[in-house]
């Protein structure tokens, strides 16, 4: 059985962090949090609005604060925003306060999973989504890899199967 330590999911948008996180929390009987949903709950506005009004820097500041507060809890599963790892403080907190699981996925899968989602501010630009996702991957993948304790390829399997694989890996560590 997996001890109740914090589990933090990182990775790009469309990797399945929220869906897999809910499955993990359910299977492990742990509390689930999504940093984007917490920001929306605290601001009373959706992420797109926060981006529009405060810009990416304002959003990242809120995100850093929310993740700091959530990672102080014990025995949680936390799905983080794809860009949360841009903050060194957030990377340090995630590494120090739990097991960091990097959900890696292909650009193709990201495109499929995000194409109808209008809540992704970084994909609302005039630049084609593929180019945006490729640029984000070049910038962020090294940061995900830097702090990951476990890396899982989250492409074809269901969230339930990926959660099962994560639990198996946690039991071995």
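Along the chain as shown, the residues are counted starting at 1.
Backbone N, Cα and C atoms are what each Cβ position is placed from, and that goes for glycine too.
What Swiss-Prot annotates here:
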BINDING   14, 15, 16, 17, 18, 19, 120, 157  ATP binding site
BINDING   18  Mg(2+) binding site
BINDING   36, 60, 82, 140  substrate binding site
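Same-chain neighbours of the substrate site beyond 36, 60, 82, 140, judged by a C-beta within 8 angstroms of the site's C-beta center, are, in sequence order, 13, 63, 80, 81, 83, 84, 85, 86. On its own chain, residue 82 (substrate binding site) has 11, 12, 13, 15, 17, 136, 140 as residues at least 6 apart in sequence with a Cβ closer than 8 Å to its own Cβ. According to DSSP, residue 16 (ATP binding site) sits in a coil region rather than a helix or strand. Cα to Cα, residue 157 (ATP binding site) and residue 60 (substrate binding site) are separated by 31 Å.
Within the same chain, residues at least six positions away from residue 19 (ATP binding site) with a Cβ under 8 Å of its Cβ are 159. Here the binding-site residues are 17, 60, 140, and the one ringed by the most other CB atoms within 10 angstroms is 17. Of the listed binding-site residues 18, 157, the Cβ environment within 10 Å is emptiest of other Cβ atoms at 157.
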